[in-house]
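Here is what TrEMBL records for this protein:
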BINDING   LEU65, GLU70  substrate binding site
BINDING   ARG150, LEU151, GLY152, MET153, GLY154, GLY155, GLY156, PHE157, TYR158  ATP binding site
Amino acid sequence: MNDAFQSLTSLAPDTADGRKAIRKDLRKQRRSLNTQQQRDAAIHLASMLRQHPRVMQARHLAVYLPNDGEIDPGLFMAQTRRRNVHFYLPVLHPIHDGQLAFCRFDEDTPMRPNRFGIAEPVFHSRRIRPAWAMDVVLMPLVGFDDQGGRLGMGGGFYDRTFAFTRLRPRLRPALIGLAHDLQRVRRLPIEDWDVPLDAVVTDRAIYRGRG
């Protein structure tokens, strides 16, 4: 059992302050991982993802570029590309403020920093695939629990983008969080607008969610 799983459960889970405290602590922990630890985590993550049937059956797969100590799916992408999988990266939606669009991504995709300083593909409508048409969405997170709860960076972009999944449970992608195992906590403070995950894959295990 990791230290975060033990210690963060004592924080006030049902308060805004508790949510902020958990986010601050877990971000600090993942940023503390050195380069070799991140590389090892990426290797183990790739191995765990290859064991997930829904991921391996996907043809349209949303991923992300790691930031702020997030676990890196890059090795898995490199290993999977030869299976003719189409990858997509999130971009800030130019029309629907606070939501994401997903742009086809390969080694030739032109990139630029968004307003948060995170690299994203240059928006082009011909390379966009609707969120509902993804097979699987691999999304970053700050913290997760065993009930499929996800704590993000606080912007709410993924929650707003996939809010439709509550109304269209059959026409939706699988929502799978990726994380270092140390980002697991016993119970997260969940809000009404939080979209649950179908699973979380870490460098150590696959956790089934509640999505």
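Cβ from N, Cα, C; glycine included.
Note that this is a predicted model, so its numbers are computed, not measured.
Known features from TrEMBL, placed on the structure.
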residue	record	Cβ contacts under 8 Å, 6 or more apart
LEU65	substrate binding site	GLY74, LEU89, ILE118, ALA119
GLU70	substrate binding site	ARG30, TYR64, PRO140, LEU178, ALA179
ARG150	ATP binding site	MET139, LEU141, GLY143, PHE144, TYR158, GLY177, LEU188, ASP194, VAL195, PRO196, LEU197, VAL200
GLY152	ATP binding site	PRO140, LEU141, VAL142, TYR158, ASP159
GLY154	ATP binding site	ARG23
GLY156	ATP binding site	GLY98, TRP193
Cβ packing number for TYR158 (ATP binding site), 10 Å threshold: 25
ARG150 (ATP binding site) - helix vs strand vs coil (DSSP): strand
ATP site shell beyond ARG150, LEU151, GLY152, MET153, GLY154, GLY155, GLY156, PHE157, TYR158, criterion: Cβ within 8 Å of Cβ centroid: LEU141, VAL142, ASP159
TYR158 (ATP binding site) in three-state DSSP notation: helix
